[in-house]
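So that you can see what the record holds, here are the features copied from Swiss-Prot:
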- Gly156, Gly158, Lys159, Thr160: ATP binding site (BINDING)
- 1-79: region 'Domain I, interacts with DnaA modulators' (REGION)
- 79-111: region 'Domain II' (REGION)
- 112-328: region 'Domain III, AAA+ region' (REGION)
- 329-450: region 'Domain IV, binds dsDNA' (REGION)
Amino acid sequence: MENIHDLWNRVLGEIEKKISKPSFETWLKSTKAHSLRGDTLVIIAPNEFARDWLDSRYSRLIAETIYDITGEELLIKFITPPNQSEDDFEFQRSSKKHRKPYEESTDFPQSMLNPKYTFDTFVIGSGNRFAHAASLAVAEAPAKAYNPLFIYGGVGLGKTHLMHAIGHYVIEHNPSAKVVYLSSEKFTNEFINAIRDNRPDDFRNKYRNVDVLLIDDIQFLAGKEQTQEEFFHTFNTLHEESKQIVISSDRPPKEIPTLEDRLRSRFEWGLITDITPPDLETRIAILRKKAKAEGFDIPNEVMLYIANQIDSNIRELEGALIRVVAYSSLINKEITADLAAEALKDIIPSTKPKVITIQDIQRVVGQHFNIKLEDFKAKKRTKSVAFPRQIAMYLSRELTDCSLPKIGDEFGGRDHTTVIHAHEKISKLLQTDAQLQKHIKEIEEKLKQL
């Protein structure tokens, strides 16, 4: 194994991609590798509060990340600076040893799923309502509702939560069901290891004999030809045997680069649904649910402050809440809006960029093409109105966080499929139409000046 300090830096680099910036900077950034004793990696935490939090929340993630990098199974032990002697430490109960892939039971125990990610703990809002409904339908009737179910959206918006929730629901209602959740990176790494060890049949048996396959971040298969080939056959086997497949990505299938057309086509067989960033009301609801689950007593004004400042994704939002609570505990002061501002000053930009709304887009597009605002919501189909309306829908999809149904509502209650059609049409035209490119550029420049 490589030098433990180099290894720890690599581990931190991988974990930084998986968790929110506030969580990483609060809990992991200041940690250091201390030593490796047998199969236990000892990590220095800055204080006892951080040590206990890391042990209860991050041991499993760290162990899995180390295994992904090295193929080694290590126990994780956190210590604090005044107590760095390794002679007398005891293993923490939460530091589990992870078995190697082909020593794992083919029963795929429920422990593979995060117990906190259930439908009950999922906060429904306008940006995720359709994805939640589709996920619940799949969980209630695997391989009968939508197969595959393809969920896409930005980092930290709840895709993984829904996938785990599906797994929990299926197991709860059918304890004998074989449910497996994994990332595409883990699928790739296990496939490589199986080829290296000349055990491809073990790998295939493992993933082609399940009832529900939940595979996260499928975009990372892009460019990996052999792995795509293997997943193609895994997909076919499961689909032909009426087994449920749920896939997540940060973008829709058609936008994943270097993805084989035959895979792209299969991903589009079922239902494709997106998740967009939560609106203010949903962000506040998420904070309330998180605070209740963790036993935090947070004043409403503090939750409102955090929700107003963090609007990117749920992971960042919850990470900010944890950072505020940690800061309050460490300096032994009551949680207030002022304390929250102090705790979050390093992660909140001093000036936030203006949020562009659908109304902004309609106004600027209307001025550009000399059409009235009410025309965007009217039923007129003349080209002089319909084409600018499609451009406005396209820009609403590109420049706002609004869901497809929300965009449709703002254009006279049109169906979300109309928005999809408009976006696809303008996207295609932009590839060859220089005049349209000029229009879009001019409109975007005007929007930036608002």
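Note that the numbers count up from 1, one per residue, in the order the chain is shown.
Using the three backbone atoms N, Cα and C, a Cβ is placed for every residue, glycine included.
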### Message
Cβ neighbours within 10 Å, counted over all protein chains: which one of the binding-site residues Gly156, Gly158 has the most?
### Response
Gly158
### Query
Does anything in the same chain, at least 6 positions from Lys159 (ATP binding site), have a Cβ under 8 Å from its Cβ, and if so what?
Ala131, Ile151, Tyr152, Gly153, Asp216, Ser248, Ile275
### Query
Which ones in the same chain are close to Thr160 (ATP binding site), with CB under 8 Å and 6+ residues apart in sequence?
Tyr117, Asp216, Ser248
### Task
Around the recorded ATP site, report the further residues of that chain (criterion: Cβ within 8 Å of the mean position of the Cβ atoms of Gly156, Gly158, Lys159, Thr160; site residues excluded), sequence-ordered.
Gly153, Val155, Leu157, His161, Leu162, Ser248, Ile275, Asn313, Ile314, Arg315
